[in-house]
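Taken verbatim from TrEMBL:
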{"type": "BINDING", "residues": "B:T114, B:T115, B:G223, B:T324, B:T325, B:N445", "note": "K(+) binding site"}
{"type": "TRANSMEM", "residues": "B:38-62", "note": "transmembrane segment"}
{"type": "TRANSMEM", "residues": "B:74-94", "note": "transmembrane segment"}
{"type": "TRANSMEM", "residues": "B:139-158", "note": "transmembrane segment"}
{"type": "TRANSMEM", "residues": "B:190-210", "note": "transmembrane segment"}
{"type": "TRANSMEM", "residues": "B:246-267", "note": "transmembrane segment"}
{"type": "TRANSMEM", "residues": "B:279-299", "note": "transmembrane segment"}
{"type": "TRANSMEM", "residues": "B:341-360", "note": "transmembrane segment"}
{"type": "TRANSMEM", "residues": "B:406-424", "note": "transmembrane segment"}
{"type": "TRANSMEM", "residues": "B:467-493", "note": "transmembrane segment"}
Protein chains: 2
Amino acid sequence: MNFRILAKVLGLLLLLLSVAMSVCAVFARVDPMAVKLNATWALFTSAGVTFLAGAILILSGLGKFDRIPRREGVVIVGLGWVLSTVFGALPYMLCEPHLNWSQALFESASGFTTTGSTVISDLTLWPRGILLWRSATQWLGGIGILVLFVAVLSYLGVASKSLFRNESSFKTGEASTARIRDTALTLLKIYLGLTGLCLAGLRLLGLSWFDSVSHAMTTVSTGGFSPHNASIGHYTGWGNGWAIELWLSVFMVLCSLNFLIFAVIAAKNWNRLREEDDARWFLGITVGISLTIGLGLFADARYSIDLVEALRESWFIVVSIASTTGFGTVDYELWPAWCKALLAILMIVGGCAGSTAGGMKVGRLEIFLKSSAHEVIRAFRPNQVFRLVVNGSPVDDASRARTTSFVALYLLIMALGSVVVGILEAGHGVDLETCLGAVLATLSNIGPGFGDLGPTENFSQLREPTLAFLSGLMILGRLELFAILVLFVPAAWRRY
Amino acid sequence: MNFRILAKVLGLLLLLLSVAMSVCAVFARVDPMAVKLNATWALFTSAGVTFLAGAILILSGLGKFDRIPRREGVVIVGLGWVLSTVFGALPYMLCEPHLNWSQALFESASGFTTTGSTVISDLTLWPRGILLWRSATQWLGGIGILVLFVAVLSYLGVASKSLFRNESSFKTGEASTARIRDTALTLLKIYLGLTGLCLAGLRLLGLSWFDSVSHAMTTVSTGGFSPHNASIGHYTGWGNGWAIELWLSVFMVLCSLNFLIFAVIAAKNWNRLREEDDARWFLGITVGISLTIGLGLFADARYSIDLVEALRESWFIVVSIASTTGFGTVDYELWPAWCKALLAILMIVGGCAGSTAGGMKVGRLEIFLKSSAHEVIRAFRPNQVFRLVVNGSPVDDASRARTTSFVALYLLIMALGSVVVGILEAGHGVDLETCLGAVLATLSNIGPGFGDLGPTENFSQLREPTLAFLSGLMILGRLELFAILVLFVPAAWRRY
Ligand SMILES: [K+]
Ligand SMILES: [K+]
């Protein structure tokens, strides 16, 4: 392990965070709705501390590096999210009405991992400067995951590798620093463009600048933080509430697709677009389940609702969950059990690789389902040779094994995580559904869970160790397991 | 598809069933505790109908066959369990107090798949002849799964193939009919031996002949039907109740291990025994979780209980669930949520391949966990070559992919199954936990589930289509998915 590379890159990351905190501090200072200046103080202090830590790291890591070796890259990603979470928690601890350490850590992790679960019961008690920082952490987390996906996570999985196949900059095996920089820049432009477009639309639909910026940042990052207690339900009563929901749902869908699709579309590369199974699957699943639930709610006598309203409700919630954003309008805890079970499946599946969405990713579902279908046929035709193709790329046995391992590991962590939550909360009367919901909500970076942690509830009822554990799960899920699990392998830390 | 082979083999199966029914009918006739003879009539009538159907099938399938081709073999297994279930349901429908078609089908499937879920609220209302038939279906299902595992399922999975590696009769690839017959005979002898030993012990511990025979048959098959409403809790008050529980738990453990282990031990082949990872893993998991839960219950203030009692309760329940038997003493629904989550994990994992236990099998868990560990290390050492060894046999990439596909498919069926149960029961107020519990209990062939289907409840509260669906899940799980899924592939049915 080359610790100087680690120190330098992580130091740079902290400087970047410090700049973002400063911007929020400036807003907190000039915000006409601010009644006290404690947000300004909290944010500037946090920015100062973060800057100091960053500077020390950079100074201890001086030297020039052409490229980051793979092992260091993986470790940087893992530690990067952990450090961001720790320093990003400072403003919540310093500013009134104060969160305790575990709550602040949870809220910060929920931001940087674009999860959107919250421990804050009443957002109106918090100054807007802090709420802006809260939304900003999701926006930073969103671009972070896109860039780091290209730089590091693309090593780790099939689904990812095939994405870059036809991109000129990714024609051959491992990516060089220059190529990574090119693709990362493309992604940054797309991300900025989508944020701007989303913001402009919200502004035109009548939201304030603050609301528009906040929601644009947490929509394109599929984060799901809202400055309102009722989330998007805040606007449901508005005359154009349906238009706001529709506009947000469009961006939630777009930001669950591989962002490079937009580059492919811009280049009019229709052949490449046609091969993009992920997007087709994601759209098919989302539309199909939203129709199913909408019709089911309409048909359910106990849930008396007209057809249009049922489809509107189910479309927004299904898109919100499928894209792992987690915005809320209605309380899906009131839906029948089978609708909730479908939502739970959407939570596990998540969005497409190369997007800001969480979950285990649609591409992995494809590989695993096709692979399973082959195994069924192999039961009576053992010698038949199968060619598994996903997103236009062939998938070999080793990749199949890797992907299905991932799927199963994801589900195992879910099961064991529920046990841990149950143990940590023992004596507080949580039921199995709440435990599983807590793990699903955080590991898949959704936000709201089930049971006592449903969309109208929050996580502040949980104990300190549980919050710390769930913060870990958010980062574990966000970095697709391996980049965090690696941190626990002693061999990864050995010096050269 | 060669339909004449199908007809002949399935016809023979029905004749065998008819003989078993006749034996129960004779018992019903001579049983001194029988108040009416309607059980005798019901069983003899069922035996007659079954014999007739079997005879017709055999006559339509005359001809001599050296061996059963693979495709036919797979289809025979699937259809065999379906046919047994259908004909096995007759006695429950014919005898007072009568089950309806879906309940009878469910009870019969629960027998032949060694699941042990029941729709019968009060067993004392049923004549002992029928209860004997009920236990006998589990015993027949148990030996059936052992023999068919050797004959057919061994085609289908890694875990299974490696089991026969060192057996003289399985040295080379695909098994011939003669070799299958040899191994099947060995298994039959072991099965009979274990049943006899279990029976003798129960008799010595003071159980009646009827109770001893019933429990011996449902213990070695890890079935879990009991002729008592309170299951093994019936004996808990006895002075030697602990000895009965202990004796049964020993046999539940033994019958969750690969039955060929007993042949290996008899041959004093210690090297082979040392390679048997499955048994080590199963014992480790069972002992570990039973200690964890026992200490947890002891430490839990709301569940005031002394240490010995806590360990006794947790050992029996954990063994009962881990072995997928499903006998009950205490109501684990009263345990804290984390204990139930651990039980749910045990339900998914199940026993060892080559045993009568259900679940997805410990061997698959091993392959998938080891495979996942390799992927984590591969994240920073992409070129490292891994050799995955399970039960002393190397596992190649294709087998890894097959196994992890299976694991993920199993979990997917679990999730989708819960949705289906939720939809079928919509309007009856079932919660998510009950839906998931119903699927776990049946797919993994456990017996009792969670929530409203916990160990003190039964499945009679469910609607007809739900019961039919769950019967299907039992067979799907029992035959390790593929042998049933194949029935839905049109190509499997094409004539030559
Ligand atoms: K989210
Ligand atoms: K069972």
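Along the chain as shown, residues are numbered 1 onward.
Quick reminder: no glycine exception, Cβ is built from N, Cα and C everywhere.
Curation plays no part in TrEMBL annotations; they are all automatic predictions.
Its Cβ taken as reference, B:T115 (K(+) binding site) is surrounded by 35 other Cβ atoms within 10 Å in the chains shown. The Cβ of B:G223 (K(+) binding site) lies under 8 Å from the Cβ of B:G111, B:T114, B:T115, B:G116, B:S135, B:Q138, B:W139, B:G141, B:G142, B:M217, B:T325, B:G326, B:T356, B:G447, each of which sits 6+ residues away along the same chain. Tertiary proximity for the transmembrane segment (B:279-299) is limited to same-chain residues at least six positions away from its ends with a CB under 8 Å from its CB atoms, namely 253, 256-258, 261, 305-307, 310-311, 313-315, 317-319, 322-323, 335-336, 338-339, 342, 346, 349, 351-352, 362, 365-366. Sequence-remote contacts of a segment are chain residues at least 6 beyond its ends whose Cβ falls under 8 Å from one of its Cβ atoms, and for the transmembrane segment (B:38-62) they are 3-15, 17-19, 21-22, 24-25, 28-29, 87, 90-91, 94-96, 127-130, 133. Stretch with the most C-beta contacts under 8 angstroms to the transmembrane segment (B:74-94), considering only B:246-267, B:341-360, B:467-493: B:467-493.
Taking Cβ pairs closer than 8 Å, the transmembrane segment (B:246-267) reaches residues 142, 146, 163-164, 166-167, 183, 186-187, 190-191, 193-194, 197-198, 201-202, 205, 215, 219-222, 232, 273, 276, 278-279, 282-283, 286, 315-316, 319-320, 322-325, 327, 351-357 in its own chain, all 6 or more past its ends. One way to see the shell of the K(+) site is to take the Cβ centroid of B:T114, B:T115, B:G223, B:T324, B:T325, B:N445; the remaining same-chain residues with a Cβ within 8 Å of it are B:T113, B:G116, B:Q138, B:S221, B:T222, B:G224, B:G326, B:T356, B:A357, B:G358, B:I446, B:G447. Within the chain carrying the transmembrane segment (B:341-360), a Cβ under 8 angstroms from the stretch's Cβ atoms is held by residues 113-115, 142, 145-146, 149, 157, 159-160, 163, 220-223, 255-260, 278-279, 282, 285-286, 289, 292-293, 317-318, 321-325, 332, 406-407, 410-411, 414, 436, 440-441, 444-446, 450, 477-478, all 6 or more beyond its ends. Of the binding-site residues B:T325, B:N445, B:T325 has the largest number of other Cβ atoms within 10 Å of its own Cβ. All protein chains included, B:T324 (K(+) binding site) registers 31 other Cβ atoms within 10 Å of its own Cβ.
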